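Student: To start, I am sharing the structure in question, which I have written as structure tokens.
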Amino acid sequence: MNENPNDPFDELMRRSLHEEADRIEPSDALPEIRARAHAQRPAARRPWLLTAGLAAAGTAAAIGAFTMLNGADNTADDGDAVAGSGTTTTATGLPASPTPSELTASPEPSQAPTEPPTTSPSASASAKTAEPTDRGVPETAVKSTVVPVYWLGQQVGAPKKSTVRLYRTWAKVSGRPAEQAVRIMTTKQPSDPDYYSVWRGAALNTVTRSNGIVTVDFKQLPNTTLDPDLAKVAAQQLVYTVQGALGDNRTPIQVTEAGRSGKQLFGQVNTNEPLSRAQAADVQALVWIDSPAENQVVKSKVTVQGVASAFEATVNYQATNLKTRETMKSFTTAQEGQKFSPYSFQLTLTPGPWQISVYLLSAEDGSITNTDSKSIVVK
Amino acid sequence: MAQPAVVYEECVTHESSWDADEALTAVYTAHYTSLVRLGALLLRDTGTAEEIVQDAFVAMHGRWNRLRDPHKALAYLRTAVVNRCRSRQRHLVVVDKHTPRTLPDEPSAEQAVLRTAETDRVIEAMRTLPEKQRTVMVLRYYGDLSEAEIADTMGISRGSVKSHAARASKSLRQLLEQNV
């Protein structure tokens with residue numbers, strides 16, 4: 001009709017639709033989307049070389065909101081060297097050769113210092129052609145990402161009292177994802193009061209990768225001694241968290257203390273050899289809630305999502321208004337039975353504090369065997 | 001639209017090497033809010049719009065290997081959101097025929113206060129439009145899309161976009177003038 005750009009009708013339409021749209025402020029859904037994206041298929045394996053090469057290509061500054069963090073300790077050179085690209089980059093800080101350690105003479109590749117070293121750019125540039133196999137390569141730092149952090153949670157109805165399983169929460173971090181995830185796991189209290197960590201007191205040094213192994217080096221490992229079963233799951237807590245942050249479920253995790261391997265973890269787990277990921281069926285909670293998160297404020301229409309490995313795929317749930325005691329109870333089905341697969345269901349809740357519980361029932365006697373719960377606030 | 005989108009435009013050209021997670025985070029940061037708003041304008045139901053956009057992001061993550069390009073990813077998301085909103089609306093129309101009921105986002109009292117009288121009139125008038133015409137208008141005036149982009153997004157010809165826009169403009173002008 002009227003193609004005049006200054007037509008007051010066009011102006012009115014534009015102004016009104018934008019005004020209407022601006023009233024809508026959706027809440028953050030990235031953790032949920034990520035969780036669902038990963039639940040629908042195995043996480044895409046992330047080749048580090050690719051991300052490191054990306055930083056090397058000089059796009060770091062241009063990525064704006066998604067910038068790689070800094071030049072001082074970015075790993076561009078190493079990624080480049082491994083990728084065989086001839087690009088010369090200036091931002092470097094990573095030692096081109098294993099850093100001599102004051103603590104040990106062991107040739108572990110995991111001794112990247114926490115402080116950015118002062119190696120000159122030319123030195124590392126010339127080292128590009130060196131064999132990369134002997135060097136631990138830290139992850140690329142990112143401005144913002146979401147990482148899974150695993151915790152221990154009691155398995156209810158288990159035959160043995162001390163049976164624990166891994167539960168997952170999501171955390172927004174900036175920096176090196178795996179390092180940040182381990183720091184949260186070792187120093188923070190999980191938001192869900194049902195979860196805990198036996199890694200408190202451990203002090204992380206670095207997470208580096210070389211030659212098909214991810215090395216997690218601690219300044220100090222936890223000193224507690226645990227019973228063997230608990231210790232095994234606790235070790236897997238680290239494996240799952242590191243691998244989750246790296247998007248790589250296959251590369252084994254070598255645990256070292258001040259660069260040295262071999263200390264018994266929790267007095268039980270041998271760390272002479274790298275730790276491989278245990279079968280999910282052995283250590284992962286058979287049902288958990290990915291979303292909403294503990295203490296999340298939500299609208300009345302709540303989509304609850306998670307992962308379950310349930311007999312005949314049946315996931316039971318109950319929602320209780322903590323003030324009025326109003327309770328809803330029903331069940332849903334996961335996509336597949338007897339193996340880990342996503343489930344979701346919707347609730348319409350009245351405003352107030354609610355607790356949502358999901359649980360699995362024993363096929364034999366109908367007792368509750370596994371559970372997870374979240375307290376949320378409905379606006 | 002939003003500031004992040006501008007920064008984003010400057011940087012995406014290099015990012016064909018993003019993996020699915022990086023792409024998801026980046027595209028989410030830049031476009032999630034505006035896509036939800038787009039969906040909400042089409043559906044007048046923010047909750048459903050959020051679900052639809054989230055579904056679209058999950059689908060985008062799944063097919064990142066084929067998209068490989070943030071621009072394509074955005075086009076894909078926009079198309080997915082518009083399609084899903086449209087089929088949702090068609091479904092609602094069918095439901096409405098059987099059970100007379102209020103439309104999903106019947107504005108609550110406080111929302112009505114926040115909205116200016118002028119916007120109110122436009123939004124009310126938009127409600128009277130057939131679904132295709134309304135979609136064209138939303139993409140044009142909120143999405144700032146060209147005729148060609150609207151045609152691609154909706155899977156219709158440019159000629160159809162033109163005629164839907166013309167008819168919609170005509171009805172809206174009449175309605176809005178009456179009400180002044």
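Keep in mind that glycine also has a Cβ here, set from the backbone N, Cα and C atoms.
Automatic prediction, not curation, is the source of TrEMBL annotations.
These came from TrEMBL, pasted as-is:
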- A:11-35: compositional bias 'Basic and acidic residues' (COMPBIAS)
- A:81-113: compositional bias 'Low complexity' (COMPBIAS)
- A:120-130: compositional bias 'Low complexity' (COMPBIAS)
- A:148-248: domain 'GerMN' (DOMAIN)
- A:287-367: domain 'Bacterial spore germination immunoglobulin-like' (DOMAIN)
- A:1-44: region 'Disordered' (REGION)
- A:80-140: region 'Disordered' (REGION)
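Walk me through where these features lie, including what they touch and how far apart they are.
Tutor: For the domain 'GerMN' (A:148-248), the number of residues in each DSSP class (helix H, G, I; strand E, B; coil) is 30 helix, 37 strand, 34 coil.
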Student: Taking residues 6+ outside the compositional bias 'Basic and acidic residues' (A:11-35), which of them lie with a CB under 8 Å of any CB in it?
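Tutor: Long-range Cβ neighbours of the compositional bias 'Basic and acidic residues' (A:11-35): 146, 170, 172, 290-291, 293, 297-299, 303, 305.
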Student: How does the compositional bias 'Basic and acidic residues' (A:11-35) divide up by DSSP, counting helix, then strand, then coil residues?
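Tutor: Tallied per class, the compositional bias 'Basic and acidic residues' (A:11-35) gives 18 helix, 0 strand, 7 coil.
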